[in-house]
Amino acid sequence: MKSVILKPKNLVLLGAGVTTTYYLYKFFSAPSVSKDEGDKFGFNAPDPAALARAAVKEKKERFVKPSDNVCPILILYGTEYGLSAEVAKKLEESINSKLEGFWARIIDMEEYEIIEFEKEQIVLIITSTYGDGVPPTTARPFFDYLEANRLNLSHIQFSVLALGDRSYPHYCAAGKTLDKQFEEMGAKRFRDRIEVDQEDWTCFDRYIDTVCGLVPTLGGVEKREGQDYLYEKAKLFALSQGKYNKKKPYSSKLLVKRVLTKGDKVGIHLEFELGDSELKYVPGDALAILPDNAASEVSAIISLLKLSPSFKVSTPGWHYQEGEQPNPSQITLTHILTKCFDIHNCKPELLQLLKDNVKNQQEKEKLTNLLAQGTGKSNTQLVEFLENHHLIDILKMFSSARPPIDDLLAQLAKLLPRYYSIASSMSENKLAVSLCVAVVKYDLHGSERVGIASTHMADRMNVGDRVSIFINNNPDFRLPEDPTTPILMVGPGTGIAPFVSFIQERKALGHTGENHLYFGCRRSDEDFLYSKELQQYHNDGLIKLYTAFSRETSQKVYVQNRLLENSQQICDLINAGGHIYICGDAKSMAPQVHETLSLIITKHMSIDEADAQALLHKLEKEKRYQKDVWF
């Protein structure tokens, strides 16, 4: 099974694998600053006891009814990177602000055990599709539950909003599955399933408006008195969660930082302590890093806004809890722009807000032109503009627009965690977790720009500094259970990271299955990541290492060439029950390796191409052929 990943346009990882696709907003960090700096940013609350009481109140308010006699609505979302959650939150807010007599409650599918469907009447489902057409990782137990338990949902009226990406196979598959399952269990669809390609807020808003228009017309629903059953069940569920997780990340100390490469592209190895976090991972998982925006860029933005850095704004309800104490109700403008919002990836709605507030006629005409074809993905001019302009560029370009700061912040995307494949094994070291990261720097509109997370770690963190982390499980990229099973790993360039973890794990546990590793890069003396370690593993007989250096000879050599040179060996590995893993570029490398494998099978197993493709598909279904790839 493959996990296909879209990279944010300005983020390149040497830690291969899981990275962000959409604008995730609910993952949280403790401040990577000292107490004094925390006071400067407004992190440290003057009255911890009062804040603790406020936190308890806030948690209770999640399922406290606004009035005693309302019709409850369940909004159920499944998300991998947060977009479904963001849409679900907006739908919840729209229903609760516009529809009198109705009350929307929002639940992540990972909390499905607290739901009593026999007590629900209207269910609105929002889910993304991950990887090779599978549900989001944390939503999978819910999908399995529905498959194993044929519920009677004949009393429920429902609608599904399916999120996907047309560039991948199995478009919106998870949403289609839930739509079909609810129908088969007797639920009545009051709005046909809507499928949305990527982050198209025009479509999202249209769906929200449609639902808000249809819900009051539904028959057969009744208002409910008394406390909602979810009130107590949600509190019990919260108590069952681990000490640290994506909703309360661990503030980890940087232990080691060293450069892995030479030349113009810099790659670094990082090690973070796990301490008493109780965080656990297995090879194939990713580490999420919650970065800060660069202080210089934040200062420049505040200067353009003509506001004080210490200007107080409301703390976003989704903002992560910083440390053991709850967040204060207000934080500084510096804090919110440093920790909360993505100042590189701007949304179309920001331009609409500026257009509504702009004073200069030329600026207004430019904004009008950009928005002439709407704010959806079909407006290619707008999409291209936003891809090439950060918040600082936009504020400079439309300097006469001065919308209220709260309105401007409301149109910014949330700052995402960055995901890096883990390059270590807990079987070898339980006290730390390792990554390798490419330091991203590039030119845009005459100024040097940097990747948010990579430069946060490379340039702004020293050994001893802290950053917030959590583990992101990747169940579709796992070592075989049988320690004698041979494995084939193809990880050119950035794809090496999880295979370092694989090798360390098999070594520590004494696995006897053969380990074949194919690695490729430009030059052996510039970007051969972990070259000494891999060559030592090879010399010790732990792995069989095959390298391809594309720029060392006049004829470029890639991992595909090395695979072809060892065709019979690869067929023997498949016939022996071996597992195949590919990690790296999804646009060219992974498809080319797939076709190379098909060619090898066709030639050496004496079958035609269709049968070779069918065999590879069978291996995928059996989880003997797994991909962790990204664009």
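Cβ atoms here come from the backbone N, Cα and C positions, even for glycine.
The FMN binding site annotation in Swiss-Prot covers 79-83, 160-191. Under the heading FAD binding site, Swiss-Prot lists 249-299, citing similarity to another entry as support. As annotated by Swiss-Prot, NADP(+) binding site applies to 504-630. Residues or ranges marked as domain 'Flavodoxin-like' in Swiss-Prot (evidence: sequence analysis): 73-212. As annotated by Swiss-Prot, domain 'FAD-binding FR-type' applies to 247-480, with the evidence given as sequence analysis.
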Could you check which of the binding-site residues H170, K180, F190, V256, G284 is the closest Cα neighbour of L616 (NADP(+) binding site)?
H170
Out of the binding-site residues K180, M185, S277, give me the one sitting nearest to Q568 (NADP(+) binding site) by CA distance.
K180
To what whole number does the mean pLDDT across the domain 'Flavodoxin-like' (73-212) round?
94
CB contacts for G584 (NADP(+) binding site) [other CB atoms within 10 A, all chains]:
25
Quick one: what's DSSP say for G520 (NADP(+) binding site), helix, strand or coil?
strand
Looking only at T79, S277, Q504, Q536, Q568, which of these binding-site residues has the biggest number of Cβ atoms within 10 Å around its Cβ?
T79
Rounded to a whole angstrom, what is the C-alpha distance between G284 (FAD binding site) and Q504 (NADP(+) binding site)?
12
Tally every other Cβ atom lying within 10 Å of the Cβ atom of E552 (NADP(+) binding site).
16
Specify the nearest of the binding-site residues K180, M185, Q504, Q536, I600 to P291 (FAD binding site), where nearness means the distance between Cα atoms.
Q504
